[in-house]
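Trainee: Pasting the feature list from Swiss-Prot:
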type     : residues                                             : note
SIGNAL   : 1-22                                                 : signal peptide
DOMAIN   : 206-527                                              : domain 'Peptidase M14'
BINDING  : H270, A271, R272, E273, R328, D345, R346, S403, Y404 : substrate binding site
BINDING  : H270, E273, H402                                     : Zn(2+) binding site
DISULFID : C339-C362                                            : disulfide bond
CARBOHYD : N386                                                 : N-linked glycosylation site
Amino acid sequence: MYRPDHVFVILCAVFFTGQVTAVPAGTGITHPHSPQLGPFEPVGFASQTQTQLAPSRGPFTWLRDSVIERIWGIDKEKQSLSKPGPRPVPEKSWSRYGSDIVLRIEVHNAEEVEALAEAVNILFLDVWDSNENYVDIRLAKEVVPSLLGLLPQSLQKTHTLLIEDLSKMIYESQYPSRGFKHHKNDQTTRHTGFQSSDVGDLFFDNYQPFPVILQWMRLLVSMFPSHVQLINVGVTHEGRDIPAFRLGARPSGDQNEEPRKTVMIVGGSHAREWISTSTVAYIAFQLITEFGNSPPITKLLEDFDWILVPTINPDGYVYSWDMDRLWRKNRQQTGLPFCPGIDLDRSWGYEWDGQGTRANPCSESYAGNNAFDSMETRTIAEWAYNQTQNKQSDFVGFLDLHSYSQQILYPYSYSCSTVPPTLENLEELAFGIAKAIRMTNQETYVVKSACEGVVTTEKGTGQRVSTNVESTGGSALDWFYHQLHAKYSYQIKLRDKGMYGFLLPPENIVPTGREIFNSVLVLGHFLLGEGANGLEWSFLSGSGSAAGKEDDSSRTFDRLFFDNNEEQLEKSADDRDYFSVVEEDVYQDEGWGLW
């Protein structure tokens, strides 16, 4: 385990020599065209060019940031990732979204949902969010009359305007120095008490492009080789590897040869959901840097392996940076050359096309011609399947992070007619996660089945039937729960509730990361077999980290590099608060406590 002074010396040496390498560890994958779940072949990472940034900060911060920037390979044109700069806006963004808006249409019954779904399919509209109360849709202003003309009279006047000028919001969210302003009634950062800059880590000040994420992952592997590996879990259509952290450390003397109980956390299934990618990275950073300092986190990494995949859709994520900020699918070719891409969360093999997947490749929810038609889902499934067959992993938990709408969804997604056999456990943990989030930042997340849209009761049978604007079959959630028997499987839709949608401002990265990291700790507590009865919520409700006091649960790069006071570090490890509550009027819940 690196001591802070060791890390400082090593990274200073790195800075002056310009050399950092990390050899990917773990098992490789088969060629994506392989039709069978067979043995894997190793796959390596391509090298990245590294460039040094000019100093512009104080001496210690400059040294810290320069080391990181040199290792990550951030060129001068990309300094706006940490400090917004005057890069020109791609003209394609303006031409594509110049007249677009986002409408919220209220729905009241299954008939209205079905009518709206048909109109969306006819006009090839982009559904941003849908639930039992409303549907958020992106469309051009000139298409609004056509949409309303296809809807029943009951839906003619139930819409409200969420985003009036989408192209402007895209521009301001990517280039905040050019005048990005929060809505006056914005609630996305309320009750947090801090901004991303408080973390002191350059990486989480803003969203990061894929090459930077990859270099950052290599950096952490080189710093913490005792419990961190860099592995590949799949291959994309364009030939990129899908990188992941594998975290875990067996206690000394442990000779157990049983498969390691494993939790998998993924983000970025949909390319435009940048907050999901940043949140997976934040969770990984906390687990990695707290190992050996936080006894509960150390136990979690000793008892379980953790697979964290910032994005399972690197092709789409790169495209959302370079060409189209709101791109959703992967970049795989389809039967229509002008409509590429498959929706990765409709492409998994369990109950594929459960409720009539949109068959047109131009649909944002297009699931391909058959199950596992996408390169990414097929190769990830092969990797996960082989992990279980080779007795390397026993998947016990799965978190699939998305945005937006602040929901915690449990199986099944494809239908409400099938009740999951572990429903009681799923609901118990889901409500525990929701409570942890509420006590972290006072944000409310709704717990529900992933199948639920507008739920009605079928006459005669009494069965609950759900009607959705989007198809819900072929989800990663259902596949990991049913096929790999990951007992605690959830899809978590992150911030916000529609004010910004997929264009969530970057100052929400750290608050969102903290509340989901706390959720992971609750998940870990359940996996240790203690359920909800042992949770001590007092740690969340102001014990040592009330408003105005710095939360010590996040070890920043500043501390890793420059804090040489070992006694203070040991003391902070003993006295550490594992959850942050940063509002004076926190909930004073009784009963459970965490750890």
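Even glycines carry a Cβ here, placed using N, Cα and C.
Keep in mind that this is a model prediction, so the values were computed, not measured.
Can you tell me where each of these features sits in this structure?
Mentor: Annotation note: R328 (substrate binding site) sits in a coil segment as assigned by DSSP. Cβ neighbour count for R328 (substrate binding site): 24 (other Cβ atoms within 10 Å of its Cβ, all protein chains included).
Here E273 (Zn(2+) binding site) comes close to G267, L401, H402, S403, Y404, L494, F502: these same-chain residues lie at least six apart in sequence, with C-beta atoms under 8 angstroms from its C-beta. Annotation note: E273 (Zn(2+) binding site) sits in a coil segment as assigned by DSSP.
Annotation for C339 (disulfide bond): same-chain Cβ neighbours under 8 Å, separated by at least 6 residues, are N360, P361, C362, Y366.
In this structure, N386 (N-linked glycosylation site) is part of a helix by DSSP.
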Trainee: Counting all other Cβ atoms within 10 Å across every protein chain shown, which of the binding-site residues H270, R272, R346, H402 scores highest?
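Mentor: That would be R346, with the highest Cβ count within 10 Å.
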Trainee: Here are the recorded positions: N386, Y404. Which has the lowest count of other Cβ atoms within 10 Å?
Mentor: N386
Trainee: Pop the Cα-Cα gap between N386 (N-linked glycosylation site) and R272 (substrate binding site) into the table, whole Å please.
Mentor: 30
Trainee: Across the domain 'Peptidase M14' (206-527), what does the mean pLDDT come to, as a whole number?
Mentor: 92
Trainee: If I take the alpha carbons of R328 (substrate binding site) and N386 (N-linked glycosylation site), what is the distance between them in whole Å?
Mentor: 28
Trainee: Checking the spread of the substrate site as listed (H270, A271, R272, E273, R328, D345, R346, S403, Y404): what is the longest Cα-Cα distance, in whole Å?
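Mentor: It comes out at 17 Å between the most distant Cα atoms.
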